[in-house]
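Feature annotations, reproduced from Swiss-Prot:
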ACT_SITE  Glu93  active site, proton acceptor
DOMAIN    99-332  domain 'Radical SAM core'
DISULFID  Cys106-Cys337  disulfide bond
BINDING   Cys113, Cys117, Cys120  [4Fe-4S] cluster binding site
BINDING   Gly160, Glu161, Ser190, Ser213, Leu214, His215, Asn294  S-adenosyl-L-methionine binding site
ACT_SITE  Cys337  active site, S-methylcysteine intermediate
Amino acid sequence: MSAPPLPLLGQSLAALKDWAVEQGQPAYRGQQLHTWLYHKGIRSLQEVTVFPKAWREALQEYPVGRSQVVQRIESRDGTVKFLLQLADGELIETVGIPTARRLTVCVSSQVGCPMACNFCATGKMGYRRNLKLHEILDQVLTVQEDFGRRVSHVVFMGMGEPLLNRDTVVQAIRSLNQDIGIGQRHITLSTVGVPRQIPWLAQQDLQITLAVSLHAPNQELRQQLIPSAAHYPLDALIQDCRDYMLCSGRRISFEYTLLAGVNDLPIHARQLAHLLRQASQAGARLHVNLIPYNPIAEADYQRPHPTRVAEFVRLLEEHHVQVSVRQTRGLDSNAACGQLRGSFLRASPEPAPGRS
């Protein structure tokens, strides 16, 4: 028997049909496997009861590509955070965020993150490696399995910078759409901005939402918060965003984490409105998503008072900027990106398998 496409998770319907034929099976076995992989969420080929028993036994050593849940924490608002252990022992986080009408998954794209944003728990842990296709898809299947309902929305806002793993992330977006059945317009990719990558993304013919993490209205402050911003001037980033919106026809969401006394003053709101004016005047559609900070032990930043948040909103609206405030979920369960992994490693008496 020839080697299968490994891992199986991440393979397209056509590839699975071809593989089944290579194994001497009818092509419809590949269709069945596709259904069991992406819609039933199997963790072992032994679960595919529609396969002949002899073939199941021959396939028993073939890994599907699922990760192990090593920790699950549910917050009072129903948000569930998962710590997943990959085949090499690395640890990543994913979050399931339910509401009455939707189930959103916040997925990671890297183990750690090289961007080193100084208010972010993931940025404090350093960078280990890019995630593989099956490791991204597995996060969505894990949440579906746990909640017992279909995932409707996916946001690439977990650990890592998606555009530094761009090819695999775009593969994952297409698979989420074609294999799992999540509409591209229900998928959001968040980036702090990587030179030349937003223009590249604009050429990929996707219908996703792009969320750009600004976090500051001027270059000096942005470099203090996001060291990598030194290599991507704010004016150039905004220009690339404007071109992306005009090319794709899709609205961009500008993410802005409010840090008490750091970037939440009235002058910052006015600077932000002025910064975005150059994009909106060109006919581009944009939206600002304000995120009151979720404090972490590794950084000395605080959450702003609600009255400060309300004033920031008022000033942006006064300058005709569309704005909303994100409802922060999972505050009681270390739901900020990177917190669960960090606390788990600190509490572990020995390193996770595969780690030095």
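Keep in mind that glycine also has a Cβ here, set from the backbone N, Cα and C atoms.
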Rank aside, I only need the closest one: which of the recorded positions Glu93, Cys106, Cys113, Cys117 has its C-alpha nearest to that of Gly160 (S-adenosyl-L-methionine binding site)? Cys113
Glu161 (S-adenosyl-L-methionine binding site) has how many other Cβ neighbours within 10 Å of its own Cβ? 27
Cβ distance under 8 Å to Ser190 (S-adenosyl-L-methionine binding site), same chain, sequence separation 6 or more: which residues? Val155, Phe156, Met157, Pro162, Ala211, Val212, Ser213, Glu255
Measuring C-alpha to C-alpha, could you say which of the recorded positions Glu93, Cys106, Cys117, Cys120 are within 10 Å of Glu161 (S-adenosyl-L-methionine binding site)? none
Give the distance between the Cα atoms of Asn294 (S-adenosyl-L-methionine binding site) and Cys106 (disulfide bond), rounded to the nearest whole Å. 16
List the same-chain residues at least 6 positions away in sequence whose Cβ sits under 8 Å from the Cβ of Cys117 ([4Fe-4S] cluster binding site), in sequence order, or say none. Gly123, Val192, His215, Leu225, Ile226, Pro227
Tell me whether Cys106 (disulfide bond) sits in a helix, a strand or coil according to DSSP. strand
Among the recorded positions listed as Glu93, Cys106, Cys113, Cys120, within 10 angstroms of Leu214 (S-adenosyl-L-methionine binding site) by C-alpha we get none
